[in-house]
C-alpha cells in the first residue's frame with residue numbers, strides 16, 4: 001500500500017492556517033492569568049484516578065477524539081443542542097457509550113472558573129489533562145503548548161468520518177492521519193497510547209467471531225492462545241459493552257509493551273495489529289524500534305502529541321472561552 005501520500009492542494013490552506021496559528025501557542029500562556037492551572041488540574045485528576053484506574057486512559061482518548069474531528073477545539077465535550085447548531089460528537093458511533101472521562105474535565109473547569117473565570121479554554125483543559133494523565137501512568141513529559149480557544153459547534157457526521165475504526169486498513173488509517181498533517185511515525189507513536197485502557201467487545205466482535213463476514217471465523221493474524229483469551233473475555237453473543245484490556249501485559253501503565261504485543265500477534269484491535277502485520281510497510285520497522293527502545297517511543301510519542309495538539313486550533317479572537325465545557329456560551 002502507498003503510505004506516503006501527497007497532501008491534496010485543497011488541504012494546504014488548512015494546514016498553513018494551522019502552522020500560523022500554532023505560533024500563538026506557548027507553554028506559559030497562563031503564567032499570569034491563571035498560574036495554578038496545571039496544579040489544579042493535576043490534583044483533581046490524581047484524586048479521580050484513585051477511584052478509577054482507567055481514568056488516565058479515558059482522558060487521553062478524549063483529547064485524541066477532540067483533535068481528530070475539526071481540530072483541538074473542545075468540541076468533543078459539547079452535549080447535543082440542535083437549537084445551537086450542536087449535533088454532538090458524543091453520539092458518533094465511535095464515541096457513543098464508550099467515550100468517558102467527561103466528569104473530571106467538568107470538575108477541572110468548575111475549579112478554574114472559581115479562581116480565574118473566563119480564562120482557560122476547555123480545549124486547553126483537555127490538552128493539560130492528557131499531559132497529566134500520560135505522566136501519571138508512567139509515560140513521558142509532554143510539555144504541551146497552550147492558548148487554544150473553544151469551538152462553537154460539533155458535527156456528528158464529521159466525527160464518524162474522521163475517527164479511526166477497528167477494521168480500518170493501513171491505507172485508510174494513514175489517510176485519516178495525513179489529513180491532519182500527521183505522518184507514519186505519528187500514526188505508530190500515537191497508536192502506542194493503546195498501551196493503557198480498555199476496548200468494548202463490540203469493537204472486536206467481528207474480528208473474533210465473524211471475520212470478513214464469515215460466521216465463526218476469526219482474524220488469522222491473532223496468536224491462537226491469545227485468541228482463546230479474547231474469546232473468553234468477549235464470547236460470541238455476549239455483552240458487546242463488556243471490555244477487554246488493550247494491553248494485556250500491563251493494562252494500566254504507559255510503556256512500550258503495546259509494541260511487544262504486536263510483535264507477538266497479540267494486538268487486540270485489528271487496526272493496531274495491522275501496523276506490524278503489513279509486510280513491507282514502514283510501520284513494521286517503527287513497531288520494532290519502539291518495542292526495543294522505550295525511550296525512543298516516549299520521545300516520538302511526546303513529539304507526535306504536541307503535533308496533534310496543534311491541529312486546526314482556534315486562537316486570538318476565534319471561537320470562545322466556554323464557561324461550561326458541555327455547552328456554548
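From the backbone N, Cα and C atoms, a Cβ is placed for every residue, glycine too.
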Given that Swiss-Prot annotates 247, 250, 255 as Ca(2+) 2-binding, name the residue from 195, 279, 283, 299 that shares the site.
195
Which three-state DSSP class does residue 61 (site 'Transition state stabilizer') fall into?
helix
Inter-residue C-alpha distance, residue 234 (disulfide bond) and residue 247 (Ca(2+) 2 binding site) (nearest angstrom):
15
Alpha-carbon spacing, residue 71 (Ca(2+) 1 binding site) to residue 250 (Ca(2+) 2 binding site), which is rounded to whole Å:
31
Of all the recorded positions here, 36, 75, 210, 250, which one's CB has the most other CB atoms within 10 A?
75
